[in-house]
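As structure tokens, the structure follows; a few thoughts come after it.
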Amino acid sequence: MDSTPLAQPLVVDTDNKTPKHDLENGASTADTIEEHPAKKPRLENAPVTEKEEADAAPKRVKGIAPVKAEFIVQKSARPQPVEADNTVDADDAAEAASHQQRESEQKGKKKTSGQNKGRDFGQHNDAKGLCPSRAFSPEFSPKECKFGDRCRFEHDVRTYLKEHKRADLTTFGGICPLWEAKGRCPYGYKCRFVGSHMTERETADGRKELVLVEDETRKKAQPLVPHASEDGIVNAVSMEDKVAVARRKIKTPRSDAYLTWLDKTSKALEKNLHGRHFDDDAEGEVGADVKVSLEDVRAAYVEPPFLPSEKRRLYFGPETPALAPLTTQGNLPFRRLCTDLGAQFTYSEMAMGMSLIQGQKSEWALMKAHETEAIPPTISSGANIVQGYDNSQDLKFGAQIAANKPWHAIKATELLGRLTPHLRVIDLNCGCPIDQVYRDGAGSALLDHQSKLEKILRGMNAVSEAIPITVKIRTGTRDASPNALKLIERLTLGGHESSMLNIGPPGVAAITLHGRTRQQRYTKQADWSYIAECAALIKRLNEKTDEVTDTVREPDARTLPNGGKVYFLGNGDCYSHKDYEDHINNAGVDAVMVGRGAIIKPWVFEEIQTGQYLDKTATERLAYVEKFAKYGLDTWGSDEHGVGTTRRFMLEWLSFTQRYVPIGLLDYLPPNIQDRPPAWRGRNELETLLGSPNYKDWIKITEMFLGPAHKDFKFEPKHKSNAYEPQG
């Protein structure tokens, strides 16, 4: 897309050289300084031609944000130390930060640069906790503590408030956001805003008793959806169920039956198609001159124990931008903020299938969604909707899992369908580039094992009940050999084995393609021309599904998602409504999934909705940070631990938002997410603060809403050069 100049031509130096500026954030000056030939002086009052005006306008340089000259900060002529560009590390980690390899450092040496692998955020708890038996009871009539004198927690409420708990926060007007929204605070005396919902009352004997206050009117507010909890959360798995999963008390009969069939079928195929023989005591061996006819293969085929259940029909369209699954950044408060701003579909952070099967609390917690994610998406009245789609039964939130073995993915899918039924889709991650995930055989490693991937998706589709199955892939693992076209054809029609057995496609309802290889990571721009090729292929395959079907044995309708239509989404570098419209119109995708662009500026969904650039003021942007703080306290709690957790995730987010250069400061639009700006200042102090790459400024921003950091709080961002520890 052509870049459009926004301002009057900048005045060049008298020596006809482009002004030189030191660059920040890893932007190189190697390709930015160029010598211009001397121009003929123009006669006074001579008309300015379009060519002269274009020549005089500042040139857009690839990789460098075109900040207007008046906002560029001139550095001193003395050589400045160069900061390492840590954005690629951070962007990679946004895909699977919690699953990276924890490499041990050499003894006696502590690295001060590079990625933080095993990240430590310190402690943020009360000096001495309040006993749960006292947390919600009136001061003089507490519940009985089963530990009695052996209890290690404080039993005197006034002593706890005076000596062990930090002073109340004064932000948000000193009013607890949870109490203000719901009429009660689930953290009682431990709340950092307890003064707003606690009072003293006089008892019959004249003593003053501390009691908690509730607002009965606010408590009567009903959830948006009937299956949400009182706190507005859906898909909250009980502790009893997590323990039952961990102890294998919750059975997965469909998965067990399907996996038994899959194992037998796979061995039969290996024997008949490739001459490999399996027995209990020996490895498979290749037989000589094995030739089996198609009829013999189909005769040996055993039907699966059951067919997939009929799936809910899906819809993806130009009016339904999706927020990509994002590890760490894709937490519930951030998804909730993006939903407010127009995101129509959201996904959980990537959960590991094996961890779900083992009942790990942290992994099952990723399935929680806010009630605003459990309402139907907004779609156009003139949308081209597949037959049978019911918008009233649709919702916005889906789960994403990763697995390296079929049984991991299939069992996890059955458990998700049983314990968290309010999911739009279950998406299989086949794009994660992180080394540890790749080496384990999950994520993008599955791109090179397409037969295995097809088995996984077919099995997931078989056991997911009514929940559709989708998949997210990359263009390939290596730059020299992209294989997404071949894979997409296989996922749409079925591979060689399924063709031989005439069992139809694996049942994928939608495919999302990230336009980069694993090898590229985020070092290059997404390849939307390749995405367009894949979109054209999907369109042809959707049109010809009936033609390639064996008319002798028509597949059951339950094996065909959306009546045979596979949706196709593109992903990569969408940073404005112009990018979105270009991808919809020129790449031919059904919808676009937005990842980093939404982290850096979540109002990109609002731009897509309104079809225009939105030059948000610093005050408006700070209001989004405030909203995130409220949503964070609502999610993680308003006690000391919850405030610390909210601060940690807010800092993670601010490490991305500081990359945003306001569009009012740019010479050219549209902005490019890959561009790195020179040192710049904002239109006011707050705008400059929000764009600061200094972690100390990020801490200041969190303190505007969460008060001073706990004395034991640490912040270890994705890159070690930005680490923070309390001083003193």
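Placed from the backbone N, Cα and C atoms, the Cβ positions cover glycine too.
Feature annotations, reproduced from Swiss-Prot:
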type     : residues                                                                               : note
REGION   : 1-133                                                                                  : region 'Disordered'
COMPBIAS : 14-24                                                                                  : compositional bias 'Basic and acidic residues'
COMPBIAS : 33-58                                                                                  : compositional bias 'Basic and acidic residues'
COMPBIAS : 117-127                                                                                : compositional bias 'Basic and acidic residues'
ZN_FING  : 125-158                                                                                : zinc finger
ZN_FING  : 175-200                                                                                : zinc finger
BINDING  : Pro325, Leu326, Thr327, Gln400, Lys472, His514, Asn571, Gly572, Asp573, Gly595, Arg596 : FMN binding site
ACT_SITE : Cys432                                                                                 : active site, proton donor
Cys432 (active site, proton donor) versus Asn571 (FMN binding site) - Cα distance in angstrom: 13
Integer Å distance between the CA atoms belonging to Thr327 (FMN binding site) and the residue listed as 'active site, proton donor': 10
Maximal Cα-Cα distance (Å) across residues annotated as binding FMN, namely Pro325, Leu326, Thr327, Gln400, Lys472, His514, Asn571, Gly572, Asp573, Gly595, Arg596: 21
Proximal but sequence-remote residues of the same chain as Lys472 (FMN binding site) (Cβ under 8 Å, at least 6 apart): Pro325, Gln400, Asp427, Leu428, Asn429, Cys430, Gly431, Ile511, Thr512, Leu513, His514, Asn571, Met593
For the zinc finger (175-200), mean pLDDT (0 to 100): 96
Helix, strand or coil at Arg596 (FMN binding site) [DSSP, three-state]: helix
Secondary structure content, the zinc finger (175-200) (per DSSP, counts of residues): 13 helix, 3 strand, 10 coil
Secondary structure of Cys432 (active site, proton donor) (DSSP, helix/strand/coil): coil
